[in-house]
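One structure below.
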């Protein structure tokens, strides 16, 4: 017993001694974490250079765009062929996809050899061979009469301009077919197909094997965004943000980037870690000086690096008693599978003995231990290097997502990763140390890269059909210049009808006289109260106007909320609430006492009979208070003041918010004679010649007309541009059938139009995996601020997804792109319609005055105009295109319509005083 223990101890000591000797001899091949982190940073820099238009030509890591922008979502259908060419074995698959069946993916495949003479022959010979094999496969499967879509996994560096257009940059993996480099791969295939003439095929997609691996995984795991090959060769791909790819393909979405990381170090940047064995092997390789990283990592080259180490050690008398056999000197006699066999835990040393015997080597137990440890060091270096470069990709993904911790899935394929007994464990362990802030799930590719090529093709087919249906739906929102000119013409007709006495009652655009005949002249002076009611929030203001050499306006205000139950309760409750808020404000300012002049901004359609009398025509914007329509709102306010018996008010003017906005801007800019609101609602006003205002006596000077253009189209004159989505939104609005133009423009309804389109697309399976969530069913979820945020140019898709998440909508990257597209189409139509309306207004002013050219300023207010990143630009452009004889400037109202009401009140008090004197 003691003797056995001593013997075991002796062999353990012997083994440890041999290991230490090998460690010392190959010390330079062991890489510290510090070195690996440095390599990680070098690769990260090379990735950035490869994605840059300026640095890409000189970058060693080419970061090739694949034009694969989407991964499978599980709804793909169809019958596809996949070709998988990347080594001495060539595979053809038939992949049938139907998500409605128990087995959503059914595959049949055949493996064909690619002889050495074909690999090193001409390009035409190679592709003739590929098509001969495909013909044989189709014959066997009895599908030669079908023209099936084909996905081609072509595992060599290609420069792609489309998903089906790929130019071969260079051969790798011992391929050297002449006349193929620099040519389009699909054209070479098509040429070979035509030459055969016995069948046809539609090449839809060309993908790298790494891309195929990643896409194959995407069908099972939506978190998969990295593909990794560690086998005969090595490479990685990942989903990059388009905004980070500096080649002008847009900012929205992602694209799979084929890194071609095997070229890392071809510029000499890895010479500090490349050793004499790497350099010696390079000289005898098919492509000396190229693929330097791959030659330190991949299985094809690992076997030769190990062999060269053994030869050198034998030459130095450190192994095999200095004897070298012809087999040991011959490339290909020692394989990667031998490395894997030698590194097995239990039978590794036994396998080493058998393999060395096969190589004709007389070996001792020490030799076997040494050979095993050499294999360990070389394969460990490979695992460490791959961990470093993958770590750089993971860090880039994390940075792109601006997240402190990354969660992602990596799909892995390759014989070295799959069959080596220690490789994956070592690789994972190193990766965890290098990127501790990433949670990575590794999924092994079971079906190879061919299925991935078929899935890319299936995705392309799905996206093409989805794109067709999406465009068909959104086309109804895209308005041509001719259509916009027609809208302008029809609105102008309605304006003329509204101004004439005999047709006013039939006009949808009421063209309401405001009885405002003058803008401030600078002599106004005093303290004025203003109320601003037009939505769920309303303001009470104290406005102090001082005239003199330097006119000033000082404002104090407080915002109050109107609960929904009061908005839709009784009129008495509404006005009592308003007066209660006024009372609070007077106490807040310490001015409850003297009877103060007040201007009332009342942002609803009113028929005015004087500056201080307005009869409510109809509620809009969600208000439904009873016993108000048909009544004078000033009287309702005065009655509420009397009921409270705390203070008195001198209500001088009731004005629309649009009129108030125009007055606010006119105080700053005298050429301002048009007002525009584009916010919760939409409306416009302008200064009309009194001779055209038949509803009011007098032909002198001008009067501001409150158009109430939101009702344009209520008579059906705009039905040809209304969509089914507009009709649904109108049907469920509080005042169905009314305010049709406003419903297509204003912020309160744009979100509803978007929501209904998204529901339709979700039902069709284009969004949110076809699942209509409870939040998506909720009316009003898409507020104007969310539309504005989603359409921001500066907002990355990740942030769009965060906004949708905030709304309770779990989205993919593709979902976010489509949501952003829908928002853009709906808001663009709104801006164009608003522009067409404004063009009609300024053209009328120009024609009224008989001018060849009009210079005019429009005062604008409203959250949609102010906050939306695209609305104002599109609207301005539309006005310019539709009214080319008008120079229109837009002035943003900074102080809102409340200030305008106070200014109108000040003008009214001034005119009242002048009238009393006269």
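Quick reminder: no glycine exception, Cβ is built from N, Cα and C everywhere.
Some features that Swiss-Prot has for this protein:
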- 1: N-acetylmethionine (MOD_RES)
- 16-458: domain 'Hexokinase 1' (DOMAIN)
- 155, 172, 173, 208, 209, 235, 260, 291, 292, 293, 294: D-glucose 1 binding site (BINDING)
- 337: phosphoserine (MOD_RES)
- 532-537, 680, 747-748, 784-788, 863-867: ATP 2 binding site (BINDING)
- 603, 604, 620, 621, 656, 657, 682, 683, 708, 742: D-glucose 2 binding site (BINDING)
Longest inter-residue Cα distance for the D-glucose 2 binders 603, 604, 620, 621, 656, 657, 682, 683, 708, 742, rounded to the nearest angstrom, is 16
Taking only the CA atoms, the spacing between residue 656 (D-glucose 2 binding site) and residue 784 (ATP 2 binding site), expressed in whole angstrom, is 22
Model confidence over the domain 'Hexokinase 1' (16-458), as mean pLDDT, sits at 87
Its Cβ having more other Cβ atoms within 10 Å than any other among the binding-site residues 603, 620, the winner is 603
Its Cβ having more other Cβ atoms within 10 Å than any other among the binding-site residues 209, 260, 294, the winner is 209
Note: among binding-site residues 173, 292, least Cβ-dense neighbourhood at 10 Å is 173
Within the same chain, the residues at least 6 apart in sequence whose Cβ is under 8 angstroms from that of residue 682 (D-glucose 2 binding site) are 709, 710, 741, 742, 745, 746, 834, 862
Keeping only the recorded positions of 173, 209, 337, 708 whose C-alpha lies within 10 A of that of residue 535 (ATP 2 binding site) yields none
Residue 337 (phosphoserine) sits from residue 294 (D-glucose 1 binding site) (Cα to Cα, rounded, in Å) at a distance of 18
If we take the residues 155, 172, 173, 208, 209, 235, 260, 291, 292, 293, 294 that the record assigns to D-glucose 1, their largest CA-CA distance in Å comes out at 20
Within 10 Å, the Cβ with the most other Cβ atoms among the binding-site residues 864, 867 is that of 864
